[in-house]
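Here the structure comes first, spelled out in structure tokens, and everything after it is commentary.
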Amino acid sequence: MCWAGRMMLGTLSTLLVLVPAAAAACEFGPFPYRATGIVCRMTKPAALPGPCRFPGAETAQVIQAAFRNAKFPNITGERSMRLLGQVAYGLSNIQVNDLSIERSEVELQEDNAIHISIKNVSALFKGTLTYGYAGAWFLQLFHSVDFEIESSIDLQLNIDLMCQKHQVTPDASDCYLTFHKLTLHLQGDKQPGWLKQLFTDFISFTLKLVLKREVCKEINAVAQTLTNFILDLAANFVRDKEIMVDISLASDPVITANYIESHHKGLVLYKNSSSVLSDSVFSPSLLTQSRMLYFWLSEHSLSSLAAAAFLDGRLLLSLSGEKLQELFEMEDTEVQQKAVQRIFQGTSYNDSVAKVWSLTQPQISLQPEGTVVRSLVAVELSILLAGEEPLVALYMEKEVTVTIQATYAEKKLILQPVDSSIEIKVFKCTADPSGEDPSIQNFLKNMILVAGIPEVTSRIGSALTSLMNSKRLDLFDIINPEIITGKGYVIVQLDFGFPSHVLLNFLERSL
């Protein structure tokens, strides 16, 4: 799944695990884009080694994990030799050491396949060679020596993308190994030259077949393991308690020579209810190819998330102490000081608490100028008296409309209100029972617009940052992100670097 962004370990793991696959076993309707709530486009530069992307050493570690965890079987055979009689041999305890990779190349093909070519994989195999003569294999007339095999291999992977139960299933079984070098060394080359040549001729062909079968099988297993890990990571990223987002495929992905694009339902699930989307405005032309990664999110998905947060009682904010003081002392004027003293009735900020919450489900509209949020909001200021019930000094209900622009910098989501308006619907204040005192009315309205709304949006931005970081987003190197809103959608485009140690540690534990 491409959502999380990317939830990306190098050439192999990136293309295997970030991209949901073609619908070999999935069926979609005649107008699949209409049900698309989230789209991910990953361009070819995201898969290539380079600065801030994927150093070759990381790709080598993935391939090395496949070689190291391959279960090489014992290789046995026998051959009738003139003068020597019957010669039997066996290779056991085969292990791989000192693997290195010269370079890798990636091609995206429009046949729903990804072609990965890994050049000059140098590997040193070690093990034990046992041999005997004239049937002595079973009469304990045999010898054992340690061996090393130097190899130079080209690895070609053709990865087919498939879909099962609307989830990704990569098939990396189309795998080829080409051997440029396969040299056998016997225990420091102390054995006679004819013996080395004899066993090299015997076993080289069989060994090539065994290595190809076991290494390719393990690469396919690594692909499946990484895919499951990324899918679990992505599913966890879009789930928080009883709120989750359905990231199953909404249509076949698109593979071109320059990018891979996947489409997801993006439906919000809360308790036993689910949102419904049938009029998505997505079009592939909305996304470009200049950045490494793109996320397209529909207005429906964001609105449904806001609705679920409202139903779950999350749209509530409490302020006290210094934060409360900052709000009510935004201007140091005599008129303001008098208004504050009348509202707080002489009590300190530490003895007061303000609560802000949404009375109705927020309505979200995505426009070119930003995200427009409309909601009926309540504000309550209570004075805490020792040994007595809290005194409600102020209660307001107001219709708030605010346009917000979002940015992401230094691993923080920043929400900046650029335009806002309020319309007071209900007003109750002990300092202004009639609700007609212009000094208090003007002060409160100005305080809400100038300080209150920015404070609320800042708190929401901080809360969302903490939530995303709890899902490990802060482990990614997100480079020059841009958040662009349009009519009915938002696009997040960026370059990135993946914390490869996360996947590598997972591989170490799992394989």
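The backbone N, Cα and C atoms fix where each Cβ goes, glycine too.
In the disulfide annotation of TrEMBL, Cys175 is paired with Cys216 out of the candidates Cys163, Cys216. Looking at the domain 'Lipid-binding serum glycoprotein N-terminal' (41-273) alone, the prediction's average pLDDT is 75. Cys216 (disulfide bond) has a Cβ environment of 20 other Cβ atoms inside 10 Å.
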